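Some features that TrEMBL has for this protein:
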| type | residues | note |
| --- | --- | --- |
| ACT_SITE | C84 | active site, nucleophile |
| ACT_SITE | H194 | active site |
| ACT_SITE | E196 | active site |
| DOMAIN | 8-206 | domain 'Glutamine amidotransferase' |
Amino acid sequence: MPSFKVSLLDYGAGNVRSVRNAILANGYEIEDITDPAQIAQAKAIIFPGVGSFGSAMRVLQEKGFDGPLRTYLSAHDRPFLGICLGMQTLFESSDEHEDGRPAIPGLGVIPGKVIKFDSTKIAVPHIGWNGRIVHQESPVLRYVADDEDTYFVHSFYAPVIEENKEWILTTTTYGDQPFVSAVQRGSVVATQFHPEKSGSTGLKVLQGFLEVRIA
């Protein structure tokens, strides 16, 4: 049994049962983050964001999680895995926000703005299995073959720009639109795809991430 618990940042915006099951399937216990003070003490945080960017950032702000999260992420040396919206919130901003309200900044860890797929060219949302192009070696993907697909469900994406290239772990193309599908810098990792919905491949991604924490 691993000597640490995985801290799960469930901010109450949706069902994260599948993420819990995937963590447990890898043999780890879970500690729910319910107080901002827990973030500084966490050994490894998994943030399975669901819902909209605006509502997610608003909840993080209202619960006082945003400041401690920025501090936790700032040195890139604390284990963190963001999933789907949990990856998008790492960027500076997003076109996705609550109707009638001004756009809310993201956590600002990664340069760039999250934008929506062009529904005049491709079906939106992007739902289903898709591949990845790997741009850097990572122990997080040590058990995953390059041709193993992962599962996506999203309408917004992070474009590849010069300012965020050093973060890019993998990219994926939907239609003719390439986008950032995973990022890593130091111990900070995030995926646009859902490891918890990607079968055995997703479990191997989680295994690689958690074993980096042990190492």
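Just so it is clear, glycine is given a Cβ too, placed from its N, Cα and C backbone atoms.
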(request) Using the structure shown, find which entry in C84, H194, E196 (the active-site residues) has the sparsest Cβ neighbourhood within 10 Å. (result) H194
(message) Can you tell me the CA-to-CA distance separating E196 (active site) and C84 (active site, nucleophile), as a whole number of Å?
(response) 11
(message) Please compute the mean pLDDT of the model over the domain 'Glutamine amidotransferase' (8-206).
(response) 93
(request) Taking only the Cα atoms, work out how far C84 (active site, nucleophile) lies from H194 (active site), in Å, as a whole number. (result) 6
(message) For H194 (active site), which of the three DSSP-derived states applies: helix, strand, or coil?
(response) coil
